[in-house]
Amino acid sequence: MFNRRKMLLWGAASAVLPSLCASVPAWADDAVKIGLILPMTGGQASTGKQIDNAIKLYMQQKGDTVAGKKIEIILKDDAAVPDNTKRLAQELIVNDKVNFIAGFGVTPAALAAAPLATQAKIPEVVMAAGTSIITERSPYIVRTSFTLAQSSTIIGDWAVKNGIKKVATLTSDYAPGNDALTFFKQHFTAGGGEIVEEVKVPLANPDFAPFLQRMKDAKPDAMFVFVPAGQGGNFMKQYAERGLDKSGIKVIGPGDVMDDDLLNNMGDAALGAVTAHLYSAVHPSATNKDFVAAYKKAFGNRPGFMAVSGYDGIHLIYEALKKTNGATDGDKLIEAMKGMKWESPRGPISIDPETRDIVQNIYIRKVEKVDGELYNVEFATFEAIKDSGKTKK
Amino acid sequence: MASILTNLFDGVAYGMLLFVLACGLAVTLGLMNFVNLAHGAFAMAGGYICAVLVNNSGWPFFAGLPLAFVGSAVIGVALERTLYRHLYARSHLDQVLFSIGLVFMSVAAVDYIMGSSRVFIKLPAALEGQIDLFGVGIGRYRLMIVVICGLLTLALQLILAKTRFGSRLRAAVDDPRAAIGLGINVPQVFAFTFAFGCGLAGLGGALSAEILGLDPYFPLKFMIYFLIVVTVGGSSSITGPFLASLLLGIADVAGKYYVPKVGPFVIYTVMIVILLWRPNGLFGRTAAR
C-alpha cells in the first residue's frame, strides 16, 4: 500500500518535473547549493562551529565560483538530534533544491539523512561522524572525516610494538566508545598484548575517581582511553591528581580525546599522552602551516581535526564540480569523487573508490609543549590507512 | 586496604561536594516550600564567575571562590525580588514550570556567551596531586573540598540552631502569618535565605568544575543528583541532606570501584531502598515532628 502510494507520488513528480524545469529562471543553472547540516548549538556545537569556520575559510581563499557556477551554502542547525537532521535534510532537498547535503556532527545524524540522499540521488558529504557503517548506508555517501577503527587499530598495533604488554581500558559506554574498544582490543591482543582490566564508564559520568583508582590498582603499563571530547580534560586532570602519571601508567588512545580544540585547556596533566589520529595542528607541512595561520587569523583559535574534515569536505565538492564541468548530476559527482587524491593540511588523503570512505595517514603523537602551548607532536606515521571496519568484510 | 581508605576518602569528598551544591535546594524546598529546579543554574553561574575571574582576569583561585558565592547570591537575590517571590503562593506545578524554564534560558544564555565547550579553572600548584598519608593516597583538591565543606556545614548548623536569624527563619517557615504578626519581616528573611542558598550553590559550582566538569548543561545534568540528595535526606534540617550526601557519595564511589559494571546504578538503588524504608527521607518532616 505504502509503496504503491510512493510510486504514484514519484510518477506524478516525474510527470510534473520537466514542465517545472522549463520554467525555472536562468540563475538556477549557474548556482550550486550545498545544504550544510551541523550541530551549531548543544553539546556538539564545537564540531559544527569548526566545520562551518573551515568552509568559510576555504571559500574566502578559493572564491565562491567553480566551473562557472556560484556556490551557495545553506547552513542549518540540527543540534545533533537525528530527527532534526532528517527534517532539515528533507526541507533542503525539497524546498531549497540543494545539490549536496553535507556536515553531520554525529553518526545518528548522518544515518538519518542517508535514505534521503539515496532517494534524491544527491551526494551526502560526511564531515564529522566516525562510525564505520555510515558509507554503507547509501551509495551517495562520501566521507572526509575518519572512522574510529582507523585510529583505534593503529594505536593497538603501535602499543604492542613499543613495549606495552598490559593495558587497562577505560571507555565511555556508547557506540563510538564501544567501537574504539573493540577495534583496539582486536589488534592489541592479536599482537600478543593483554587486557588486564576493562571498565566502561557511563556517558553522563560525573566523577572518574573510582574508575581511576581501579586502574591504578590494576597496575597496567598503559591505559587505553576513549571518552567524549569534552570529558577528556576532566579525565586527564584526575589522572594526574591520582598520581597515575608518576606511577608510570601511560595514557594511550584514539586522538579524539586530545582534540586540538580542547587540548590547551587541559593543562600540563595532558603532557605525555600518546594518541593515534589523523590530524594535529602542528603537522609539519607547508600546506598545514598556511592552513593553521589562515584559520587562526580568521577565527582567533587553532583548528582541530573537525575543521580539517570540513575543509577537505568542501574541497572535495569543489574538485568534483570542476571534474564534471559544473554538472550537478548526483551520480556523476559521486563518480568524480571516487578515487580523488589530494594534499590536505593533515597530509596526503584520498577517497577509496570502492567504499567512498577516506584513506589517510594515521599519526602517532605525543602531547608536548611547543612555544608554551600544548600540542600533539607527531612522531610516527602509518601510511594510507583504510577503514579496517570494512576491509575485514 | 589502602585503596579502601582512598575510596572512602574520595566518597566523602564527593558527598561533601554534593552537599554544598544541594543544601541550598534543601533550604528552598524544605524550609521555604518552593520547588526550585533552577538551583543548578546558580551553581553554574558561580562556576563560570570563578572561571572567568581566575582564567581571564588572573585572580587567585582562593579569591575566586568567595566571589563565586557573592556573585551567585547577588543573582539569586535579584531573581528572587523580581521573579521568584511572585510564585511563592502558587501551586508546585507552576513553580516547576517556571523554574525549569529558567534552567533552559540559563543553558542557552551561557552557551551563547561562554560557548559550549567545557571550562576548567586554573588551580594553584599547591592543590594538584595527591599526598601520601600512611600509605593512603589523599587528593589535595579533594582534601580542600572536605575542609571547606565541613566548616560550612558546621557554620550552617550553628546559624540555624543558635542565632536570632536562624530562629526567625524557622519561625517564618513554620507559620508565616504568626511570624509576621510577631514583627518578623518574612519576605526579607526569605530573600536572604534564598540568596544564601544560591551563594552556596555558586560556591559548589566553582568547587565542582574540577571534578564534575563545567559546561552549559550543568544545571540539567546534575539536577537529578540534587533532587536525590534532598529526597533521601528529607528537607526539614541541614543534617538530613548532609548525611544523605555523604551516604550517596560513598555508595557511588564504592559501587563504581567494586562493581564497575553496575556502578552507576548503585546511587539509585540506595535511593529506592531508603525511600521504601522511609518515604519522607532519612530525616523527613513527619519523622521529625
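In case you wondered, yes, glycine gets a Cβ from its N, Cα and C as well.
TrEMBL annotations: computationally assigned, not manually curated.
Annotated features in TrEMBL:
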TRANSMEM  B:12-32  transmembrane segment
TRANSMEM  B:61-84  transmembrane segment
TRANSMEM  B:96-121  transmembrane segment
TRANSMEM  B:141-161  transmembrane segment
TRANSMEM  B:182-203  transmembrane segment
TRANSMEM  B:223-251  transmembrane segment
TRANSMEM  B:258-277  transmembrane segment
Long-range environment of the transmembrane segment (B:141-161) - Cβ separation under 8 angstroms, sequence gap at least 6:
9-10, 12-13, 16-17, 19-20, 23, 65, 123, 127-128, 131, 169-170, 200, 203, 207, 210-211, 237-239, 242
What else in the chain is close to the transmembrane segment (B:182-203), if you only count residues 6 or more beyond its ends and a Cβ gap under 8 Å?
20-21, 23-25, 27-28, 31-32, 39-40, 42-43, 45-47, 49, 65-66, 68-77, 80-81, 84-85, 88, 152, 165, 168-169, 171-172, 176
Among the ranges B:12-32, B:61-84, B:258-277, the one whose Cβ pairs under 8 Å to the transmembrane segment (B:223-251) are most numerous:
B:12-32
